[in-house]
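Peer 1: Please read through the structure below; I'll follow up with questions.
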Amino acid sequence: MAGDSRHLFEGTNPGIGAASGADDDAPYFVHDAQALDRAARAFLSGFPGQVTYAVKANPAPVILAGLSRAGITAFDVASPAEMALVRDVAPDAALHYHNPVRSPAEIAAARRHGIASWSIDRPAELDKLGDIAGDEIAVRFKLTVRGAAYDFGAKFGAEPDMAVALLRLVAERGGRPSLTFHPGTQCEGAEPWARYIAAAADIADRAGCRLARLNVGGGFPAHRSGAAPDLQGHFDTITQAATDAFDTPPPLVCEPGRALVADAAQLVLRVKAVDGRTLFLNDGVYGALGEWRDLPAADRVAVVAPDGQPRSGAPVPWRVFGPTCDSVDMLPAPLSLPEDLQDGDRVVIGGMGAYAGSLVTRFNGYGTTRVALPSGTGHRRRAV
Ligand SMILES: *Cc1c(COP(=O)(O)O)cnc(C)c1O
């Protein structure tokens, strides 16, 4: 989980369809600035409140700068390293430190970065913050809600009764009480938000507290398979739920990661060997396909022959291994790829701007997070 985002500018790459060579032998990403801009604008114009970016989805400076240019002025950070990355490209941005468990050294670093918005989910973490006068404290709560690709409630979030008690403590100590939740990631339907927002109104009411803000988390779906998700439908459900649940809805905040940045990169891999219906790629679950252990494989995949032509054979299931010597380095389910795929082909995967580069390890000497910026000539972007 230790991808060094500063690698992201090391080296350049000729891009898809260019001549092969040593540089082209390793995996790389192709940045799509326009797609990043489009996603940011869809959130900024469609979401009924403040849009903050959850930096962990992709901390690359090119991403942070693109979002900042598009008008994102607040960032959800989880560590001092993420704070520093944001400050490098957006010195005046608001930072929300929404990792509810922190060491004293991390709290001190956050104060030096000017953090004035924190989340907590247990009394001891509130105590650790010391003087909170004037700071926003967002109490993170959890419900049992299905619908996300995997469950975030197992680690963080207070039960509703505890959230009531925490809101009261925050108010007593002079903080600005808010509520927050994170419904999971890649939530295909908007129902989790409707349930969480109704519960938030109930918690605030029981605490006798007027919320400074309600942060509805991230978890918005990216386009991974099938049709692109209906983000505006999610926003409309959130607006409606807030109107239904509160007499006067508090200002809303969201903190998407995936849905803002997934389309900002394609991943370009290379087939290293083919053996029957098994193939070896130059990257796998220890690298940019790390998430594919936990989520179903995406279907936005094209296979391109060395001459630049797409393979058009009938799709068949392939067993896919990564490049390391570890037998765990295998996709959990077969991948549907053209039957005429061959050694040396490139495999181009769309929608890989989120949780791909940020999860790359260097295990066994593999794994890179190089990004090609397709501004020059000769790059042919493929729609995947
Ligand atoms: C990871 C995370 C996010 C972003 O989640 P996405 O699924 O990428 O939108 C937002 N908020 C919190 C608290 C998180 O941990």
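Including glycine, each Cβ sits where the backbone N, Cα and C put it.
Okay, these came from TrEMBL:
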type	residues	note
ACT_SITE	C325	active site, proton donor
DOMAIN	37-262	domain 'Orn/DAP/Arg decarboxylase 2 N-terminal'
DOMAIN	263-353	domain 'Orn/DAP/Arg decarboxylase 2 C-terminal'
MOD_RES	K56	N6-(pyridoxal phosphate)lysine
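Neighbours and distances for these, please.
Peer 2: Around C325 (active site, proton donor), the same-chain residues six or more apart in sequence whose CB sits under 8 Å from its CB are N364, listed in sequence order. Mapped onto three states, the DSSP output places C325 (active site, proton donor) in coil.
Mean pLDDT of the predicted structure over the domain 'Orn/DAP/Arg decarboxylase 2 C-terminal' (263-353): 96.
The Cβ of K56 (N6-(pyridoxal phosphate)lysine) lies under 8 Å from the Cβ of A78, E82, G257, S358, each on the same chain and at least six residues away in sequence.
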Peer 1: Translate the DSSP assignment of K56 (N6-(pyridoxal phosphate)lysine) into the three-state scheme.
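Peer 2: Reduced to three states, the DSSP call for K56 (N6-(pyridoxal phosphate)lysine) is helix.
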Peer 1: For a three-state summary based on DSSP, what are the helix, strand and coil counts in the domain 'Orn/DAP/Arg decarboxylase 2 C-terminal' (263-353)?
Peer 2: 6 helix, 36 strand, 49 coil
